[in-house]
Structure formats: structure tokens, C-alpha cells
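Asks: Look at TrEMBL and you will find B:39-57, B:69-87, B:93-112, B:176-197, B:227-245, B:265-289, B:301-318 tagged as transmembrane segment.
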Amino acid sequence: MIWLDTLVQGVLLGGLYALFAAGLSLVFGIMRLVNLAHGDLIVFAAYLILVGVTMLGLSPLVALIVAAPVMFGVGWLLQSLVLNRVLGKDILPPLLVTFGLSVTLQNGLLETFSADSRRIPAGTLEGASIDLGLVTVGVMPLLTFLSAVAVIVGLNALFYRTALGRAFRATSDDAVVAGLMGIEPKRVFAVATGLAMAVVTVAALYLGMRANFDPSIGPARLIYAFEAVIIGGLGSLWGTLAGGVIIGVAQTVGAAINPEWQILAGHIAFLVVLLVKPRGLFPRAVD
Amino acid sequence: MYRLTIRTRAGNATTIAVALLILIGLALPAVAPRSAIQDLFFILTMLTLAQLWNLLAGYGGLISVGQQAFVGIGAYAMFAGVILLGWNPVVAILFGGLAAFLLAIPFAYLAFRLQGAYFAIGTWVLAEVTRLLVAQWKTLGGGTGTSLPREATSAILGTDTIRALFGVRDAAARDILAYWLALVLVVAVTGGIYWLLRSRLGLALAAVRDNVDAAGSVGVDTGRLKWAVFLIAAVATGLTGGLVFMQTARISPDAAFALTDWTAYVIFIVVIGGIGTIEGPVIGVLVLFALRAALADYGSWYLMTLGVLAIAVMLFAPKGLWGLISARTGLHLFPVRRRLTGPKIEGGN
Amino acid sequence: MLLETRGLTASYGQFRALFGVDVTIAAGECVAIIGANGAGKSTLMRAITGILRNEPGMVLHKGEPIGALSPAAIMQRGIAMVPEGRRLFPSLSVEENLLIGGQMRKVAGPWSLEAVYDLFPILKERRRSPGTALSGGQQQMVAIGRALMSNPELLLCDEISLGLAPVVIRDIYAALPKIRAGGAAMVVVEQDIGKALSVADRVYCMMEGRVTLAAPAAAVTRAAIHAAYFGEAA
């Protein structure tokens, strides 16, 4: 029974990693850009929500609703003012710019909020759990997982059912011809990064409510997100969820054997998939 | 009448100037205070790491964010050689290079499965895995780390001679030895890279950087080239790691595998100085050192400044400070580009 | 004048591809641009659509300089292109490929999804397929329909017969008069001189980045074309 419990905890943890990964996957899918500051932007959003809750007295949900458009704006500006200028055939400039951003953001947060661990107070949700007969699950992990599913359903609907999603896919296929269709690729990129940052805000809410965070934890979140994307296969959001679940289960199982092995077990699972199926478990047919 | 040449007048002058600088550098401990030697040690080791990262990213197109793995494994292997096998630390540094080589093989095998930008994060993951595994190594202190035993640090090869020569204490003699080794390493690494780029391998690298497919079609084995560059950089990074931690004599997984110290600073040095040139990292390391001296008391502002500076350079001067200088003056101190020389062509079409 | 180029030049890096090209296109007319491979025809199209940026005054739309505008801005002024090689979006279905042609410029006009399906009925049957799963001729129909969806005032067709079987080319060309009946001016870039002259009011011939002949299609002689095409006296 303890193993079933471990498994369920792992699956639910995977929801959090899928939330970290969805924005990364979105941006890479549209403009082949890997944002090395992705993890630090999650942490930044968590502090934004924290400020809303502790200083303005908002409930976490209201703080999320306020923070998400702010983060959309941050993403939009970041893309229009900085990243669009360095996007091109050479992958080096955007990587180095986002790496610089990662270090800058981390140290900016350190300067502003100090290295102390913080947590977004979640009121009665903290520690609440539901008895499902065979296992008892925490309300917070369950909410995280359901949010991840909702985000993925929403993004897929946007991608495949709206004119904006059509523009995203067309620009990803062929930015020059998209221009001939009246689409400004750079504007599409700005909207995509803005959207990714709105998703990041959702991820940040759960990151901050479930556990303590401090300015230094961003890069590790980037790595989990990246592993989930690669395991799932590029371009598939459901694959990304599956990837997140695999990392989550590997981590909880590893931790059940030896608490020191939690993180390592997640990485090992990633390396095994990379070794056996380098294109991921659910690769997209067209690339 | 026409021939391809790499030589430039400035390049020939550089050879003489560099030889002079090396001689001065070797003699410096006779007059310089210990703190200056320590600063120079920092500059030289960072420059070595920067030249190696530049070889990977600037010439090889391999953007690794996981080079701290090789610094760390080199350092830990050096400690293992001293503590477990009882070797002299200087000899154990070579063991660090070997360990980095052995790590680099599975590391590259996995990382090369990832393309382009994903290669970067892949190397980062692999470095994390290496750190977490080494932290399990209880005989070398596990997660908290350990120190070199006193009897080992006081009996390092050559320190007796240095003590006698300069009349200094144990610790200072160790610094001087480390400094000399760092000088040898930076000259060997920079010289080696310079030689590499002027050889056939350099030509092949330039071809790959310009166009992978075309290079492949004219017979450049791009896969083997990537392996060669990666392994060379790993070994030399491992040697540097061993040397750095011989000087500090204390190790922990967090210090030896620090992303900030061994990769972030290094990337900033190369980007700010000018990627894809030998001169760039030299300028970059001086900028880094100057900023460190100026902002030492402001903690995280130092790293923030570096980050912002790197972003600004990428946006407004992608070839870095050396690129700006070189464009203004037409100077190439370490010419690696092949130019056609001969009588000037008059008239024409 | 609907569209006009004045001393238009263009280069790819060091290589100069256009040397002072002057062409005009009036509202509603059909202009053929012919010339051998590498004469600069496609470069001219890329310059007009903004894929290659220029001095503002080198391209005029209704008298206003548009030479420095982005492709998207130029398209929104009513200049649509059927690109060489068709270049459908592989991730989009046939219908989505058509819809994306009109989604950034919504103006009243003869063309809609239904009108395009009437013009090329086969596309309606295949509308759920990925665009790139179609035959070459059908893909060309999608590419033409995609450009029509924005109800352009000027339709640029770049090498629409290239690589297609003669019977398919005939079907495509049969549609051109119906498109003209919708009122749009057209530019037909072709290597096939006979096809081009069959639909055009006027013809320009290009060679080595320059216009070597400009004449009404009805008045042009074989000898004149031969001279302009190959740069030698007939």
C-alpha cells in the first residue's frame, strides 16, 4: 500500500513539473528558443504572488489573477525588446542572453528578497487531504495536477481551434510565408512568450504554496521542466505531462528508498529515456 | 605570386611580446606580494577556463553550461589521488585530467544526442548528476567535503626549493607553485588552441561553424570533430580544476561543481571579451577582475552587473570588446584567419 | 498607378540581383514578367512583397512609398503573393491554410472560403487533409486560394506552373480569368512564355537583373522576345 501511495504522490508531483514545462515547450515549439531564465522567471512570479498575498492581503487566487497579466506583460516586453533582436540562425546569442538574464534575475531577487526561504500562505488548503479509499491524497497536489491538465487542455484548444493558434503554428512552420499572410512573426513571438509567462505564473502559485522557495532554486526548476519536455518528445504537450509524471514518480520512488536519492533518481530516469529513446516517448511526426 | 597566409605583422610582434610576458611572469614571485600572486592565480585559471569554453562554443559551436562537471571531477580526482593513494598533489593534478577524460566519454555520448540549444541544458543536467553522485562519496566527505591533509600540503613537489629560493613560508610557497603551474597551464592551453586553429583541424572547425552540411559534404567528419574538441576541453578543464583546488586545499561538492564560479563567470568573460577570438577572453578576464575588485563589497550586485553587461554586449556588440577594438584598429594579435596575399589587383571589371 | 517600382535595386550580400528596375502595374490589369532562370524575376517579387527590404521610395503603392515596410504591412495594403514553390504550412490542414490567408486582412470582396471552394472544388473534398499531403497541382490551388482569401487588389503569382504536369498547368491557368473577373490586378511571373502571354495585357522581359523589354502582350513579336530573353539579336 505504501508503494501505491508513493506512486500516486509521484504522479501528482509530475503535474507540477508539467506546469513548469508547458511554457518552455510552448516557446520552443514556436520559435526554437530555449529560455535559460525560465526557472528564474517561475521564481520571480512566485515572489510577485507572495507580494500580492502578504503585502496587499490578496487571497492566493486573486494574487494569481493579478500577477498573470503582469507576467504576460513581462514576457511580451522581454521578447519584443530583447529576444527578438537576437533570434536568428545562430543559436548562441539567444542562449547567452537568456543565461545572462538568469544570473541577473537570480541576483536581483537575492538583493530584493534576501536568501531567506519563503512560502505563499495557502490558508486551510495547507495540509488538507482527501481519503480516496486506497490512498489519501493532499488537496494541494491534486489541485496542482488538475491545473496542469486544465492548462494543457486550454493550450491545445488555443493551438488547434483559434486564429491565434493557427498563426502560432504557421509562424513555427515558415516565418517568411507567415509574413506574406500579414502576420508579423515578431509580434507572434511576443504574444507566445507572454502566454508562456502567464502559464509560468500558474506554476509559480503551486511552487510557492506547496513548499518553501528562495531566489536560488530557479535553475533546478528549469532542469525539471527541460527533462519533462525531452522525455515527452518535442512539440507534444500531453507528452510533456507524461514526462513530468515520469520525473515525479522517479523522484518519489527514489526518495522512498533513500531521501538523498530523490533528485538524482529523477535525473537518472531522464538519462535512461535519453539513452533508449533520444527523441522522447511521443515525438511529433513532422519536425 | 598569390599565397594563403595566416601571418600578420601584429601576429609576429605578438609572439615576441608574449615570450617576454611569460619570462616576466615566471620571475614575478621574487618581487610581488602574496596577495598579488593569488590574484594572478585567479586571473590565469579563469583565463584558462575561458579559453577552453571559447574553444567549445566560439569555435566548435558546442554551448556547454556543464563545464563545472570537469572542474569538479578534476578536483575530486586530485583529492582522491592525494588522500586515498598518497600521491603528491602535483602528480595528482594529472590524475584529475585523466578523470575528466573518463567522465567526458559518457557525458558527450549522452549530451550529443541533444541538438543545438537543448545540448546546453543537457550538459547542465549531466553536471548536476555528476555533482549529486560525487556528493555520495563518503570517503571524500560526502556532501560537506574535506581538506587536504597537512602532511600532503607541506610536502608538495618543489615547495622546499621555493621556500629556500624566496625565503617564504609553507602556504606562500604553495601559492607560488600553484601560480607557476597556472602560468604553464594557461600558456599551454592558449598556445595549444592557437596551434589547433591554425592547423587543418582549425580549418575544419571553421567550415563546420559556417555550415555543418556543406562541411560534411567536403569530407569533414563533423561528428569526430565535435568529440575531439569536447574531449580536449574536458581534459584541460579537469587539470585546471585539480590545480585550483590544490591551491585552496579544501573541497566540497557545492564549491567544486559550482555553476556560477566555473561556468557563469567563464561565459561572461568570453561574451564580454569577444567570442570566437583568442584575444577576447584575455580582455574579458581583465574586465571580470576589475569588476570584482570594484564591486567586491556589494555581493550580488557583482553578478547582476556581469549579467546585464553580457546581455548588453550580445545586443549591441555581439563580437565583444575585442571585436570593437579589432574593428576600429584592424588589429589581429593572434591571427587564425587565412588571407590571400599577393600583388594588388588593379582595374578589373 | 496601383504599384510602381522606381530604380529598384536588390542584393544578396555582395551579389547584386537587380539593377534599377522600373515596372508599373495599373488597377485591374494583368502583367506578365518573363525571363530565363536567374534573370531576377523572383527577386523582384521578393522586393515588392518586402521580404527584401529597400529604400522606401523604390516601391510605390498608390503613390505612397512602401519599399521599407515589412511583408505583413505590405500584405495588409492588399498585395498578396503566391510564393514560388507553393510553400504551404505543413502543420495546417487545407482549410486552415486557406483561412490563414484571410485572417489578418478582413475586407469585403468576391473571395471567401466558399468562393475558393467553388473555384477549386477538389479542395473542399480534401479540406481536412494536411496541406502538404496533396498533389503538387492541388497544393498550387491551395496556395492561390490562400492568397485570394485576403481579397487583394494585387495578386502576385510566382512561377505557378513550375514543376507541374502540362494537364495540371492547364487547369490552373483556366482559373486565372475567373480570378481576374474578381477585379484584382495580377502579376504572373513565368518562364513559360506562351502561358504568360495567353493571360497578360502587358509583358516585361527581364535579363540579368534588368528589364530588357516592356510591351503590350498583343503587339509583342517572337523576335523581340527572343532578343530580350537571350540578349542577342534575333
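The chain as shown is numbered from 1 upward.
A Cβ is built for glycine as well, from the same backbone N, Cα and C atoms used for every other residue.
Unlike curated entries, TrEMBL annotations are predicted automatically.
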Asks: Which sequence-distant residues neighbour the transmembrane segment (B:39-57)? Criterion: at least 6 residues beyond either end, Cβ under 8 Å.
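Replies: Distal contacts: 25, 28, 32, 63-64, 67, 71, 175, 178-179, 182-183, 185-186, 189-190, 193, 196, 229-230, 232-233, 236-237, 240, 243-244, 247, 262-263, 265-267, 269-270, 273, 275-278, 280-282, 284-286, 288-289.
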Asks: Are there residues at least 6 beyond the ends of the transmembrane segment (B:93-112) whose Cβ is under 8 Å from a Cβ of it, and what are they?
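Replies: For the transmembrane segment (B:93-112), the list is 64, 66, 69-70, 73-78, 80-81, 87, 119, 122-123, 126, 130, 181, 223, 226-227, 230-231, 234-239, 241-243, 246.
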Asks: Out of B:176-197, B:227-245, B:265-289, which stretch touches the transmembrane segment (B:69-87) the most, going by CB pairs under 8 Å?
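Replies: Answer, by Cβ pair count: B:227-245.
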Asks: For the transmembrane segment (B:265-289), find every same-chain residue at least 6 residues outside the stretch whose CB is under 8 Å from a CB in it, and list them.
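Replies: For the transmembrane segment (B:265-289), the far contacts come to 39, 42-43, 46-47, 49-51, 53-54, 57-59, 65, 67, 190, 193-194, 197, 306-307, 309-310, 313-314, 318-323, 325-326, 333-334, 336.
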